[in-house]
Ligand SMILES: NC(=O)C1=CN([C@@H]2O[C@H](COP(=O)(O)OP(=O)(O)OC[C@H]3O[C@@H](n4cnc5c(N)ncnc54)[C@H](O)[C@@H]3O)[C@@H](O)[C@H]2O)[C@@H](O)CC1
Ligand SMILES: Nc1ncnc2c1ncn2[C@@H]1O[C@H](COP(=O)(O)OP(=O)(O)OP(=O)(O)O)[C@@H](O)[C@H]1O
Ligand SMILES: [Mg+2]
């Protein structure tokens, strides 16, 4: 199905270069950004082996939260990853396993050997999503610090979300300058990060500038600020995604986004900058995950209205992906 001009105008109310020297991009360019997402999607062929289209790890899941890592992990599979691993606490593991036979669940996160237990899987993972349903237990966060350090040492791309961002707000040096990191803060998480990193109250009149500055202060780590419009920056360029979503704000939508992003980050880095037309691959991946999540929300809301939950959105990942990127 062809998407009309109105669609593109809505989807990208703004797409701009970060610096005034560079001129703002036209709608045609904006439309091309959807094309860039299409460019990074690997073709489905009979020649590939299991695992080639993505082996994604989710670090999260504790006594309180089992839904969040499930939503992230199942979304990664529904987007097109072949294998989805969850690294969670001992007691969260049977619960998460019981939600889905499709997930590989490792009950290691609260073990004294947590870092080594996850590290031995790192060579087999294409990306790690750190934080959905992690909680804020000091011991767990210490282990996650070690896991992040091990991931950086092995050059594994990381998406950091939810309580992973709590850790980054406490210790921004952990991620400073790591070019394969994407942070996906919601409103509260963005405020905490800004206060920690910029030591400056947030400027609500300039949402683009606020995301740009945070990314720059973190050494060009890619930042996705979720909200009514999603603002994405790598400290050089700013992209905005205002794909029509819904007014339903049920918990778990951000987990769907971060799990999807784990796969898209892998695909974008594999495709490389020649496929993303000079844009950073991570920026294109983030735009893809934001528009997909919002489209899932839109489609689920059309069917379920006020009763829409994240499970309904997960069921829309396939059709939403096809509509946005494969039509
Ligand atoms: N089913 C589950 O297991 C779920 C678990 N979750 C987990 O819950 C933990 C805490 O996540 P939270 O997102 O609650 O983080 P926080 O504990 O930092 O809370 C964020 C707060 O900000 C508020 N807020 C959100 N958007 C706002 C806006 N635009 N303006 C003003 N206030 C706003 C929310 O109501 C919430 O109270 C994380 O581990 C997360 O992954 C969530 O992902 C939701 C689903
Ligand atoms: N006011 C809004 N209007 C439209 N879409 C929104 C709005 N706020 C958030 N979203 C969308 O909802 C999705 C999740 O963002 P949200 O801010 O709810 O994340 P979150 O709080 O981390 O979610 P979670 O409950 O999974 O932790 C994103 O795709 C974002 O674009
Ligand atoms: Mg969240």
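Just so it is clear, glycine is given a Cβ too, placed from its N, Cα and C backbone atoms.
What TrEMBL lists as (6S)-NADPHX binding site is 133, 186, 187, 188, 189, 190, 191, 192, 255. The Cβ neighbour count for residue 187 ((6S)-NADPHX binding site), using a 10 Å radius over every protein chain in view, is 12.
Residues annotated as ATP binding site in TrEMBL: 226-230, 245-254. The 10 Å shell around the Cβ of residue 246 (ATP binding site) contains 20 further Cβ atoms across the protein chains shown. The DSSP secondary structure for residue 246 (ATP binding site) is coil.
What TrEMBL lists as domain 'YjeF C-terminal' is 33-324.
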Candidates near ligand 1 among the binding-site residues 191, 248, 255, judged by a Cβ under 6 angstroms: 255
Sparsest Cβ surroundings (other CB atoms within 10 Å) among the binding-site residues 133, 252, 254: 252
Tell me which binding-site residues (189, 250, 254) have a Cβ under 6 A from ligand 3; sequence order is fine. 254
Where does the mean pLDDT land for the domain 'YjeF C-terminal' (33-324)? 97
Calculate the distance in Å between the alpha carbons (Cα) of residue 133 ((6S)-NADPHX binding site) and residue 230 (ATP binding site), and round it to a whole number. 22
